[in-house]
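Student: Dumping what TrEMBL says about this protein:
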{"type": "DOMAIN", "residues": "A:29-560", "note": "domain 'Cytochrome oxidase subunit I profile'"}
{"type": "TRANSMEM", "residues": "A:40-62", "note": "transmembrane segment"}
{"type": "TRANSMEM", "residues": "A:82-110", "note": "transmembrane segment"}
{"type": "TRANSMEM", "residues": "A:122-145", "note": "transmembrane segment"}
{"type": "TRANSMEM", "residues": "A:174-200", "note": "transmembrane segment"}
{"type": "TRANSMEM", "residues": "A:212-242", "note": "transmembrane segment"}
{"type": "TRANSMEM", "residues": "A:284-301", "note": "transmembrane segment"}
{"type": "TRANSMEM", "residues": "A:313-334", "note": "transmembrane segment"}
{"type": "TRANSMEM", "residues": "A:340-364", "note": "transmembrane segment"}
{"type": "TRANSMEM", "residues": "A:376-399", "note": "transmembrane segment"}
{"type": "TRANSMEM", "residues": "A:411-434", "note": "transmembrane segment"}
{"type": "TRANSMEM", "residues": "A:454-476", "note": "transmembrane segment"}
{"type": "TRANSMEM", "residues": "A:496-520", "note": "transmembrane segment"}
Amino acid sequence: MADLPHDTDPQLPPAEVADVMPPHAHSWWSHYVFSQDAKYIAIQYSGTAIAIGLVGLVLSWLMRLQLGFPGIFDFITPDAYYQFITMHGMIMVVYLLTAVFLGGFGNYLIPLMVGARDMVFPFVNMLSFWIYLLAVLVLVASFFAPGGPTGAGWTLYPPQAILSGTPGGAQSGIILMLVSLILFIIGFTMGGLNYVVTVLQARTRGMTMMRLPLTVWGIFTATVMALLAFPALLVAAIMMLFDRLLGTSFFMPALVELGETLSYGGGSPIAFQHLFWFFGHPEVYIVALPAFGIVSDLLAVHARKNVFGYRMMVWAIVGIGALSFIVWAHHMYVSGMHPYFGFFFATTTLIIAVPTAIKVYNWVLTLWKGDIHLTLPMLFALGFIVTFVNGGLTGLFLGNVVVDVPLSDTMFVVAHFHMVMGVAPIMVILGAIYHWYPLMTGRMLNQAMGHFHFWITFIGAYAIFFPMHYVGLVGVPRRYYEIGEPAFMTTPVEGLNAFITVAALTVGAAQMVFLFNLYWSSRHGRVAGSNPWKATTLEWLTPVVPPEHGNWGDDLPLVYRWAYDYSLPGAPEDYIVQTDPGPKAPTAGPL
Amino acid sequence: MVIAIVLVLIVVGSVAFHMLSPWWWTPIASNWGYIDTTLVVTFWITGIVFVMVVLFLAYCVFAFRHREGHKAVFDPENKRLEVWLTVITAIGVAALLVPGLFVWKQFVTVPDNATEVEVVAQQWSWNYRLPGEDGRLGTSAVEHISDENPLGINPFDRFGKDDVIIEGGELYLPKGQPVKMLLRSIDVLHNYYVPEFRAKMDMVPGMVTFYWFTPTRIGEFEVLCAEFCGTAHGFMRGDVYVVSPEEYQEWLSEQDTFADYAAAAKPEQDTQIAHNSQP
């Protein structure tokens, strides 16, 4: 390092941490199984998450079959139905979305994008994955346990979650669920500390915080939030486990269950809801913020234009992250908590709409006067904007306390949160995979299969969830095994439900084409070469593609500019990589 | 190109579905028309924003699509524009929030002339309790619950003796009379939800929650449980009738009181003992 001419470059501050090569793998086992390389761990995380996500997908098919065609499928009993919806929700929110964004993209992209050789604690990083895998296995085991998995709804509200009127409540289903969550949180904490410390301490020389790509800002902020939010779920899970196994009464008041007086007394079911949503609301943004960050980068690269209002985007991410800790009780407007809380939480909830709206404006303004290449990542990014705007706006209904009253606990809520934290982030995940697949494998994903996948997924998902809002507006509660044709319905929703089911089956099937594409293109895809999208950020600048162990060969990259020097006036090409020491654009300011 | 057209079609299709499809809320039967109004205002404001943002997006995708020789404009920040957008958004959000909070204030402020009705939920049926001639409900607790005292009314509370008990039956309410629904559960969470009344509140074991409304339309309405309560949640339904005050009085006079329950339980208990004592 010392001999390099730009090592003495006065533009760059000295490195804070000495450049150390992470430990090399010595055997097949430590290379391919117990790997300590963040890139390999990322793929292990993502592969496991996608595998359990497929289970969640199949569960959604089963529940939609019941709702669309009630009475046809005998094996879907009420018990089974509630087990399907519970496991679908929990798998998708925690074991798929959280794991893919943080464990998957976080592990792969953070070290590469900040110019580090690896995460700062590679061994702990490896443990993080194996504990996550254990959590998934415990979750899967509950499907085979006597009584099956819990059917308490993904929110696991006591008292019903641990009583016999709920599937898995009096058997082992709920126990395995809680144990699995506890394991997940332990595993996540190990990974999360790694991501945070790596971003703060292991950035290469010249990579200031305000030069980080928004992807890193999104993942970093989400991880900090997760480290603060998951402990609330951890204690709630432990306390409920005690209530279930040891007979404590943290969440259990005196009650008579099916004619029998139980020995509980004095506990508060609402206390659980506060703990759950103190975790649960930040969790929404734990999924959303990495998506916000990634989609900003996809838009910039594929529109050949700088992200509009970068500093505002960073502060919006941080502001949303902070505000999301004081809005949790908007999930509880009709829970029976003191009604005056409604004033406070409605106000904070609607305030959070402002930084969120700013982000949307800036994405659209990034496209304004851009040079938009309609690549697959760009298409998915556009799909994200549409579904996120739609789902965000319906949040203004549910956040405004009195408007929430008629809509709460109806299918409107289900439609809202699927649009905003299901479809929209998954659009980003898919776009991101199309974008970074060439980096991970050295080959491009097949275009024809990709376009088929995009159109079915985008239009199909909109066709599932847009009409579902109106099922809720009619008055159909969520978590109903069968609604029938009650007199309050001016128009029966049967036909609409059948339509939604057909759309859901189709969208699910299209994901199989995507999975096949992942496999097929790894062998037969067009060879990508290095930096196929002509991006500016460090992950595309490794000496070898796909990046090898240690990422950077002999010397760490040095950073001279922000991540968005696209289409700079007077520059010979329409992008300048972050390591280029050439003159900065006069308008780029302090970045 | 195709994506720009599809974005426009999504806007047109969404608006058309909203305007033309037959799926809309059930006609209201309570005083909470304000809630409906707030909801419609929210639909308009958010709808306009959705249409504008997505159409603008479609325009950008069309106008700035990649063509040979085309180059993007380098444009990192624009303080004026960003401040303006922030201010306009804040005003729009405040316009939604402020009326909403005023209506919420009404929703949580029970008028003095409201009569009380207690709903007691259990897996998976609805019970009711109405104050008797003294106009007061007696106290209650889970430990008093037995076959003769299904709602757990305190047997030592004199106000409870004349309370009217409706076990697993239908509720009648007089039209035009504000009513405070006292919501109680003896096992798990439930939620007393009648779509036509627009109001909703969880019932939590160990505490009493409430909401109030004035029935404004005579008719039969279906009660649904709106908080997941176990396997038969989707089947936990009931009926509530809004009737004229005269018809209500007639119905009320036919119902059993807690004292009737206690009296009826005695002989039954005796026969039970007699039955058991046979060899």
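Glycine is treated like the rest: Cβ placed from N, Cα and C.
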Student: Could you pull out which residues elsewhere in the chain have a CB under 8 Å from any CB of the transmembrane segment (A:340-364), counting only those six or more residues past its ends?
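Tutor: Residues packing against the transmembrane segment (A:340-364) from afar: 292, 295-296, 299, 307-309, 312-313, 315-317, 319-320, 323-324, 326-330, 332-333, 381, 385, 388-389, 392, 395-396, 399-402.
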Student: For the transmembrane segment (A:376-399) against the transmembrane segment (A:284-301), do we get 3 or more Cβ-Cβ pairs below 8 Å once near-sequence pairs (under 6 apart) are dropped?
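Tutor: Per Cβ check, the transmembrane segment (A:376-399) touches the transmembrane segment (A:284-301).
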Student: Any chance the transmembrane segment (A:174-200) and the transmembrane segment (A:82-110) have 3 or more Cβ pairs under 8 A, given the pairs are 6 or more apart in sequence?
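Tutor: Answer yes, regions in contact.
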Student: Six or more residues beyond either end and a Cβ under 8 Å away: which residues meet both conditions relative to the transmembrane segment (A:454-476)?
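Tutor: Contacts with the transmembrane segment (A:454-476): 376, 379-380, 383, 386-387, 390-391, 394, 406-407, 410-416, 418-419, 422-423, 427, 430, 483, 488-491, 493, 496-497, 499-500, 503-504, 506-507, 510-511, 514.
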Student: So are the transmembrane segment (A:411-434) and the transmembrane segment (A:40-62) touching or not, going by 3+ C-beta pairs under 8 A with a sequence gap of 6 or more?
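Tutor: Result for the transmembrane segment (A:411-434) with the transmembrane segment (A:40-62) is no.
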Student: Can you see whether the transmembrane segment (A:496-520) and the transmembrane segment (A:82-110) are touching - at least 3 CB pairs under 8 angstroms, only pairs 6 or more apart in sequence?
Tutor: no
